[in-house]
Amino acid sequence: MRVKEIRKNWQHLRGGILLLGMLMICSAAKEKTWVTIYYGVPVWREATTTLFCASDAKAYDTEVHNVWATHACVPTDPNPQEVVLGNVTENFNMWKNNMVDQMHEDIISLWDESLKPCVKLTPLCVTLNCTNLNITKNTTNPTSSSWGMMEKGEIKNCSFYITTSIRNKVKKEYALFNRLDVVPIENTNNTKYRLISCNTSVITQACPKVSFQPIPIHYCVPAGFAMLKCNNKTFNGSGPCTNVSTVQCTHGIRPVVSTQLLLNGSLAEEDIVIRSENFTDNAKTIIVQLNESVVINCTRPNNNTRRRLSIGPGRAFYARRNIIGDIRQAHCNISRAKWNNTLQQIVIKLREKFRNKTIAFNQSSGGDPEIVMHSFNCGGEFFYCNTAQLFNSTWNVTGGTNGTEGNDIITLQCRIKQIINMWQKVGKAMYAPPITGQIRCSSNITGLLLTRDGGNSTETETEIFRPGGGDMRDNWRSELYKYKVVRIEPIGVAPTRAKRRTVQREKRAVGIGAVFLGFLGAAGSTMGAASVTLTVQARLLLSGIVQQQNNLLRAIEAQQHMLQLTVWGIKQLQARVLALERYLRDQQLMGIWGCSGKLICTTSVPWNVSWSNKSVDDIWNNMTWMEWEREIDNYTDYIYDLLEKSQTQQEKNEKELLELDKWASLWNWFDITNWLWYIRLFIMIVGGLIGLRIVFAVLSIVNRVRQGYSPLSFQTLLPASRGPDRPEGTEEEGGERDRDRSGPLVNGFLALFWVDLRNLCLFLYHLLRNLLLIVTRIVELLGRRGWEALKYWWNLLQYWSQELKNSAVSLLNATAIAVAEGTDRVIKIVQRACRAIRNIPTRIRQGLERALL
């Protein structure tokens, strides 16, 4: 019968086994993955940070103070490392690059700092009596030419009155000024002038030893950041770049301050490259980068001499005294063939943006001298050159050109200004002291700044381009177009099949994530409650440290004029703090997750497919770290929070397990150290009871002696007297005995302990009650005595105040009487003296009468 039942149920049993096997196979196929932390992954994000400088300052003259303060920069790396990032495409945008703004602010600060200790020329804002300097052509010099002669009135010989080293004394002095540096005063006959910027700016004279020679500056990123460089040879400045490398510093950038023409910059590696934020917007500047430089040689033939004028105590003004030799105009020379070839290549590139158009170059449409002319610094003097000959040509579609032809050399007439409107900000001007001797300099034109005339491009077939400039950001942008700063994110999370071995305990109802207190919010909590917020406190403590460092840096920046710190010094401090902040933040996160000192750290947090449903093999075999970070970017903070909760729960579990391990084995109860502790506790209890018995025995003896009894045995039961009306009887007598006054005779440890404890409580009660009564009595007595003393002192005060009043009245009366009596006596004496004087003639007459008689 049993065999038949087994055969009957075999079909159901076989189906159940098959279903169980399928479930096991499905569960095995759907393997679980866990979050794994990786430290040092190649991941970055766009960021802005403080850059610091590196320079080969030692390779230049150390006696001359360079305005760029490159002596405060760190030395350049002799072997710079550049790592090419293969299979990486990164977006660059030269028009929205924080590096450009940062360099612009740095150059402004460096100019301001270099002029801080220099002399203010406010005393020179006086009336100048000027005449034209006589210009005579030296015919014996064969090199002189008509074009080179300076125009009449280009140099003014001005006399003026200035304060000497003694403030209340004034003397007359003279100096030579350029026509561009002075303006005539209204309603005069062109003989009275003033300095050009006196009505709008504060003029500061550049210190005599300040040099404006551009020294290459390398911008570097602090630790924790990287600089990406685009190596595409035809990169237009914005958009994706496929040839990317990472560097720590830029190439050497010369901070050349110039307009219209870019000097001594970097060249394009292949064809000429033109860059603009928007070619269809004529308000946007077009930056042209040449692939071959054009040499420009500039000369100031005049041999100037200068003199030192005292304009007050401790202040000196350096003026031009005289011009020796030919007074010829400063000029620059450019090869016409090279310049035309350069323009032809520029036209080819412009036609790619403006198809079927005639390209015309024309001179500047007007504005400040810095914009209208090509301004730059040559040997310490600021040249302003007329570039009309450079930009005066038309290039038609067929390739022909209509321009000014001439000899092989293009000569640009230049003027020199000594009072320069500072390009950094309005309201500041600088006076460049004259340079003695002749000046020559040679520069390389590596780029142009162009602007396009407006208008509807469909109505005209000609696009007119003019030289531009003035915004020095375009100068820096022409060098920094290939760089961008990124923040390295070395911590990455990804799913793996490995799980961290953990201590398994039942989860509590309240999670750690529900407790978010401030850094000091748990100060009043219990130790157990405060330990829950240790992670939050660690994070807030780090942000507090960083905030403190930032506050210190702001304080240093506010006092840099007292500490004599340059801009580069501030940036180096900031770079070091940023590096420390980055390192501490990463190490803090790794420590919070229990991964300190590890590069690969497994966790017990399961991977959720909602974060990314890609398989582990697909992730690790087909994706880069940058692609993976973009995939899970929205869930990174949530994963970090889960890792923190998991590690906190793990630490709690380990703590509770360690607490249970102390009682895991009963054998620990019989450990010799525990027994010694038990014995010590027993001895302390017994000793305390014995001491208590001794104290009560002494107190009982003292109490009995005070009552007239002899100190008998502590436990002997003594009968009490019956009183005078009840005589003692015998044991055989009947009747009830009176109660005894002594305590009962007890046996045993617990009974003795109870009696002693009861007696102690009664003793303390009576003692405290008596003490309270005594204190109450003392307070009452002191209150009564105090009130009586107060009344006594009050009566005494009233008595003595009345006595003092009476004494004062008596004293005043006596004084008045004495004064009155004294006054009467004085009056009588005066009267007697007057009578005596009045009676003198009478006495004389009487004496004469007696003598005659």
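Here the Cβ of each residue, glycine as well, is placed from N, Cα and C on the backbone.
The disulfide bond annotation in Swiss-Prot covers Cys53-Cys73, Cys118-Cys207, Cys125-Cys198, Cys130-Cys158, Cys220-Cys249, Cys230-Cys241, Cys298-Cys332, Cys378-Cys441, Cys385-Cys414, Cys595-Cys601, and the record cites sequence analysis as its basis. The region 'V1' feature in Swiss-Prot is assigned to 130-157. The region 'V2' annotation in Swiss-Prot covers 158-198 and rests on sequence analysis. Annotation source Swiss-Prot lists region 'V3' at 298-331, citing sequence analysis. Taken from Swiss-Prot, the feature region 'CD4-binding loop' applies to 364-374, supported by sequence analysis. Annotated region 'V4' per Swiss-Prot: 385-414, in sequence order, evidence recorded as sequence analysis. Summarising the annotation, Swiss-Prot assigns region 'V5' to 459-468 and lists sequence analysis as the type of evidence. Annotation comment: Swiss-Prot describes 509-529 as region 'Fusion peptide'. Swiss-Prot lists 571-589 with the feature region 'Immunosuppression', giving sequence analysis as the kind of evidence. The feature coiled coil is assigned by Swiss-Prot to 630-664, with sequence analysis given as support. Residues or ranges marked as region 'MPER' by Swiss-Prot: 659-680. The feature transmembrane segment is assigned by Swiss-Prot to 682-702. The annotation topological domain 'Cytoplasmic' is assigned in Swiss-Prot to 703-853 on the grounds of sequence analysis. Feature annotation from Swiss-Prot assigns region 'Disordered' to 718-740. Annotated S-palmitoyl cysteine per Swiss-Prot: Cys761, Cys834, in sequence order, evidence recorded as sequence analysis.
Averaged across the coiled coil (630-664), pLDDT for the predicted model comes to 82. For Cys761 (S-palmitoyl cysteine), the nearest of the disulfide-bonded residues by C-alpha distance turns out to be Cys118; the candidates were Cys118, Cys130, Cys198, Cys298.
Just so you know, of the disulfide-bonded residues Cys125, Cys220, Cys601, the Cβ with the fewest other Cβ atoms around it within 10 Å is the one at Cys125. For the region 'CD4-binding loop' (364-374), the residues of the chain that approach it from at least six positions outside its boundaries are 180, 258-261, 383-387, 391, 412, 415, 417, 421, 423, 466-470, judged by C-beta separation under 8 angstroms. In the three-state DSSP scheme, Cys761 (S-palmitoyl cysteine) falls into the helix class.
Secondary structure from DSSP puts Cys53 (disulfide bond) in a beta strand. Distances between the Cα of Cys158 (disulfide bond) and those of the disulfide-bonded residues Cys73, Cys125, Cys385 are shortest for Cys125. Secondary structure of the region 'V2' (158-198) per DSSP, as helix, strand and coil residue counts: 3 helix, 22 strand, 16 coil. Within the set of disulfide-bonded residues (Cys158, Cys441), the lowest number of other Cβ atoms found within 10 Å of a Cβ is recorded at Cys441. Each residue in the region 'V5' (459-468) gets a DSSP state, and the totals come to 0 helix, 6 strand, 4 coil.
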